[in-house]
C-alpha cells in the first residue's frame, strides 16, 4: 500500500493562511511489513528514520497502539521552501494512522486533525482535497470550499536555500489597524472572486496587491523582484511567494509559459526552475 500526498502552494497573495492549491510534486509513503521498531527507508538527508520522524509522530498521535512497520518514503517536495513539505508529511501521517488503525476517518475529520496539528488550513486542505481550496478556521471549526482553478500555467522558482516559516513569520506585524485590515481583506475578496469567475487579469492584480504578508516578506527573498519583473514583461498574470517562501510562483497564460520560463532562466539565479501542474486528486492511495 502506498500513500501519496501532493505539494501545495499556499496564500496565493492575499489568501493568507486560508487559501492554497495542490501542485504536481509528491510525497509517497510505502507501507511495507510489520517490524519490531518503526523504520523509514529514505534518501532525504538528515530526516529521522525512526519514530521521531514527523510522519510517525503524527500517526501515533492519532493511533498510539498501531503496530510498528517498516516504511519507505520518497519525495520531490523540497524542504522548507514554501511548497508544504511539513503539511504533506502531516497528512501522510494521518492517513498512515487511518489505514493501520482502521480509523475510517472522513476527509473532513482528516482536515480538522491536520489543521489542529499544523495550525492553519492553507496547505493541509489542498493536500487532502487537491485543486484550489479556500478555508477558514474559527476555534476548532474548519470550513472549506473546494473550488475550480482556472486553466493556466504555473512556473515555480525554488531557491537553493531554506526559509523556515517561523523566521518568515517574525517579519510580520503583530497587528494591523482597522483601516489596514479592511483594505487587505477587500483585496483578498477580489482575488478570490476574480479567480472563481475566470477574470485572470483582475485576479493577478489582486494577488500582487496583497497587504497581509508579501509586502513584509519580499525582502527575505532576493530573487522575488527580478522574477516578478521578468514574468510581468512576458505576460504573466501574477507572481507571488508560495507559502512563506522562498519558492516563487508565477501564474501565466498557457501560451506564455515557455517565454516566461526562458526569461527567468536567463536571470541566472541559483535554484531550481520547474513547470508545475495543478493536482486535482489530493491525498490518495496508489
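Keep in mind that glycine also has a Cβ here, set from the backbone N, Cα and C atoms.
Swiss-Prot lists 78, 79, 80, 81, 82, 83, 84, 85, 86, 87, 88 with the feature ATP binding site, giving sequence analysis as the kind of evidence.
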- Message: At 10 angstroms around each C-beta, which of the binding-site residues 78, 82, 84 has the fewest other C-beta atoms nearby?
- Response: 78
- Message: Give me the count of other Cβ atoms within 10 A of the Cβ belonging to residue 86 (ATP binding site).
- Response: 16
- List of residues, in chain order, with Cβ under 8 A from that of residue 88 (ATP binding site) and at least 6 apart: 5, 6, 7, 8, 26, 27, 75, 77, 127
- Task: Around the Cβ of residue 80 (ATP binding site), how many other Cβ atoms lie within 10 Å? Please give the count over every shown protein chain.
- Result: 19
- Note on the structure: Other than 78, 79, 80, 81, 82, 83, 84, 85, 86, 87, 88, the chain contributes near ATP (Cβ within 8 Å of their centroid) the residues 7, 77, 243
